[in-house]
Amino acid sequence: MVKLENSRKPEKISNKNIPMSDFVVNLDHGDPTAYEEYWRKMGDRCTVTIRGCDLMSYFSDMTNLCWFLEPELEDAIKDLHGVVGNAATEDRYIVVGTGSTQLCQAAVHALSSLARSQPVSVVAAAPFYSTYVEETTYVRSGMYKWEGDAWGFDKKGPYIELVTSPNNPDGTIRETVVNRPDDDEAKVIHDFAYYWPHYTPITRRQDHDIMLFTFSKITGHAGSRIGWALVKDKEVAKKMVEYIIVNSIGVSKESQVRTAKILNVLKETCKSESESENFFKYGREMMKNRWEKLREVVKESDAFTLPKYPEAFCNYFGKSLESYPAFAWLGTKEETDLVSELRRHKVMSRAGERCGSDKKHVRVSMLSREDVFNVFLERLANMKLIKSIDL
């Protein structure tokens, strides 16, 4: 039986006037506050001093296609990918964005603008990242159109397939589904937000036309709003840069400088054998611990389901490892509206229907603060007990 901590309101976000029974656990979003404790222990190693006269210009490097990319961030990105071995950076253009969300929109815009006919179909295999729907429908562009689930897509003409691997929300390793290798109008955007060794085995060095990464899910620094794209084709990269210029006239330099500093510190910790010092070892152990606790709660219940992930050899750690995804794809064996049932127990989650799936599934963030996660486990276990009593 899994041992749960005594219930208490999470210290940093609780209101002392709210009883514990009324506290709402919000695991709908992927706010990665789980890593706060690690970075707190790092003390001043990530501190950046910015004077009032620093970083005032729009421009960073006018010789770079992405002229608002700070050179020190570009170097830090290349160095980290080199150490981890998860993506090729040679002969590529690095485009920085305000998170990978802006970069995904920029990539869809770029590929659509270069297509021979429009609107270009945009698809993703279900269950898919729910925000893809919003990103491709919100501005009602005539250049592209959301066509939904890639599994059943057979429409002729240009299309863009969004491939997230490991997948958000279910954590599975994904490849393209539509697969039209001889079609020069077939384009793919690979989202590798979670392809890092604390979440999944690094099985190969990814080498695709457009690869997206986000600072927030590597280190937990979501508030910095930094992402980057590794792009092979110069014209696509130029179009992406143009989109970002029109959308936000570049990307915050303060955020870029801070990101570069933290990525460099992270890279240095990779040399350490200490689990408390080496960020990826720390993160993997934390995620393993959380997944083991969640699986124990689910095992003791006959009501819930979780995916199983095969072991794979991780080139970074040099051994076979399991995956510990950033989100849990929680299901129920009954024909139950699970998001509503969890809400009834004051747990917020992402409805499976928003991800192209069904009401029996929800996406639950595994990246909350430890005390919030423990409250979630206790409430999930209590739902199991209520189920048993009803039977």
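Residue numbering: from 1, along the chain as shown.
Glycine is treated like the rest: Cβ placed from N, Cα and C.
For Ala193 (pyridoxal 5'-phosphate binding site), the same-chain residues that are 6 or more apart in sequence and have a Cβ closer than 8 Å to its Cβ are Ser100, Thr164, Asn168, Leu212, Phe213, Thr214, Lys217. The pyridoxal 5'-phosphate binding site annotation in Swiss-Prot covers Tyr58, Ser100, Thr101, Asn168, Asp191, Phe192, Ala193, Tyr194, Thr214, Phe215, Ser216, Lys217, Arg225, and the record cites experimental evidence as its basis.
Taken from Swiss-Prot, the feature N6-(pyridoxal phosphate)lysine applies to Lys217, supported by sequence analysis. Under the DSSP three-state reduction, Lys217 (N6-(pyridoxal phosphate)lysine) is assigned to helix.
Residues Tyr58, Ser100, Thr101, Asn168, Asp191, Phe192, Ala193, Tyr194, Thr214, Phe215, Ser216, Lys217, Arg225 are recorded as binding pyridoxal 5'-phosphate; their most distant pair of Cα atoms lies 34 Å apart. With a cut-off of 8 Å between CB atoms and residues at least 6 apart in sequence, the same chain places Phe68, Ile249, Gly250 near Tyr58 (pyridoxal 5'-phosphate binding site), listed in sequence order. DSSP gives Tyr58 (pyridoxal 5'-phosphate binding site) a coil state; it is part of no helix or strand. Each of the binding-site residues Thr101, Thr214, Ser216 was scored by how many other Cβ atoms lie within 10 Å of its Cβ, and the smallest score goes to Thr101. When secondary structure is read from DSSP and collapsed to three states, Thr101 (pyridoxal 5'-phosphate binding site) falls in the helix class. DSSP gives Asp191 (pyridoxal 5'-phosphate binding site) a strand state.
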